[in-house]
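Engineer: Below you will find the structure I want to go over with you.
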Amino acid sequence: MKRVTGFPTRPDMVQQLLNVGFDYYNLPSSDGSHYWSDNVAYEFTLAEIDRIEDTTNELHSMCLDFAADEIKKGDYENYHFTELQKQLIETSWRNQEPYLYGRFDFGYDGNNLKMFEYNADTPTSLLEAAVVQWQWLEQIEGLKHRDQFNWIHEELIKHFQFLKQQSGKTDFHLSAMQDAGREDWGNVDYLADVAYNAGWNIHQLAVEDIGYNSETKKFVDLNDQPIEMLFKLYPLEWLSHAEFARHITTAETRFIEPAWKMLLSNKALLAKLWARYPNHPHLLPAYFTPFELPKDLSMWVKKPLLGREGANVFYYEKNNGVEFAAKGSEHSTFYGNSGYVYQQKFELPSFDGMYPIIGSWVVGDVACGMGLREDFTAVTGNDSHFIPHYFVP
């Protein structure tokens, strides 16, 4: 892996980005730079791509096996689930409710490929990974005979067709919070377009506009149309605290992602996987308390179980018990109440002062592409940039 700079800006870059719905390309970072640039990319070898793909498939399979065992045992210790959340998890698993996608975040230093977390419920940067970076590869000068680990779009089409055939339904609703911003809604718009091309009748609405008809005992949209299939770019742990959450198990709406994904999107997964697969080459040691940390490893990352966008991340020095806020992490009491997990600190490589992480996508059960985000700090947060990639066949 290497960072390559100096690519020319397409003369019509802005129009090309807008053509594919990427109207948030110019989200500003603190230094004034934009979320997207044509001028930078990461280059990989075919062997590196094969390794990332194989690792993603392996870890996804491990996570599914883990979820099955946790639900069978009813072992929800350390997750801080409510009784309703436990019920939703078990009901959705028992009903074999379908799932769509997820994104593994990896650290890679050229030798070690390590899982940081699994964004199994509400991952974003999907439009960027599936469409925008592929458009860049096709249009940028000087990259003939290069390829990209990316058939995300094709897998999404296939999976939406599968969902239609499996469910026997015709209408698909997609939602996010009304004020979620263009990044979230851009991802929802993209998935709506994919679903439409897979044969679904599409309806979009804000999460706040989801209603419940007490006579039909179904969730409905603003037109009182039953919501049978619902993609929601809104965390399950938040949705389960909504007033209508008590009706989820009886309303016959299929939520995507399903409630059992709460087991995988919660960072308790990191410690649980390490206990289940100790010394796995692609996992980092992780524990729930500082008292469990091995003495031979001094530096740890303290992560909130339900944090997002690098929020509320601390560094913890085992040798002296000192804890301090990680540079680049925004801190809020909102995320600190969920509990924490301690994960061994992994030294990300710095390229021109930027720290990249790999986001490897799973659609259904297929690893099918990746995108990279880089930031000025080792914690990837709201200042990050999305960077395209390519490999040399």
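The backbone N, Cα and C atoms fix where each Cβ goes, and this holds for glycine too.
The ATP binding site annotation in Swiss-Prot covers R103, F104, D105, K267, K303, G310, Q343, A378, V379, T380 and is backed by similarity to another entry. Taken from Swiss-Prot, the feature Mg(2+) 1 binding site applies to D105, E117. The Mg(2+) 2 binding site feature in Swiss-Prot is assigned to N119; the stated evidence is similarity to another entry. Taken from Swiss-Prot, the feature site 'Transition state stabilizer' applies to R103.
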Engineer: What is the number of other Cβ atoms found within 10 Å of the Cβ of K303 (ATP binding site)?
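Structural biologist: The answer is 25.
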Engineer: Please report the distance from the Cα of K303 (ATP binding site) to the Cα of E117 (Mg(2+) 1 binding site), rounded to the nearest angstrom.
Structural biologist: 10
Engineer: Quick one: what's DSSP say for V379 (ATP binding site), helix, strand or coil?
Structural biologist: coil
Engineer: A 10 Å Cβ contact count, applied to the binding-site residues D105, E117: which residue has the minimum?
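Structural biologist: Taking D105, E117 as the binding-site residues, the minimal 10 Å Cβ count falls on D105.
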Engineer: Report, as a single number, how many Cβ atoms besides its own are within 10 Å of the Cβ of Q343 (ATP binding site).
Structural biologist: 25
Engineer: How many other Cβ atoms are found within 10 Å of the Cβ atom of R103 (ATP binding site), counting all protein chains shown?
Structural biologist: 24
Engineer: Starting from each candidate's C-beta and looking 10 angstroms out, tell me which of the binding-site residues N119, V379 has the most other C-beta atoms.
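Structural biologist: Per the Cβ count, the most surrounded site is V379.
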Engineer: Measuring Cα to Cα, how far is R103 (ATP binding site) from N119 (Mg(2+) 2 binding site) in Å?
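Structural biologist: Between the Cα atoms of R103 (ATP binding site) and N119 (Mg(2+) 2 binding site), the distance comes to 5 Å.
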Engineer: Hey, how far is N119 (Mg(2+) 2 binding site) from D105 (ATP binding site), Cα to Cα, in Å?
Structural biologist: 8
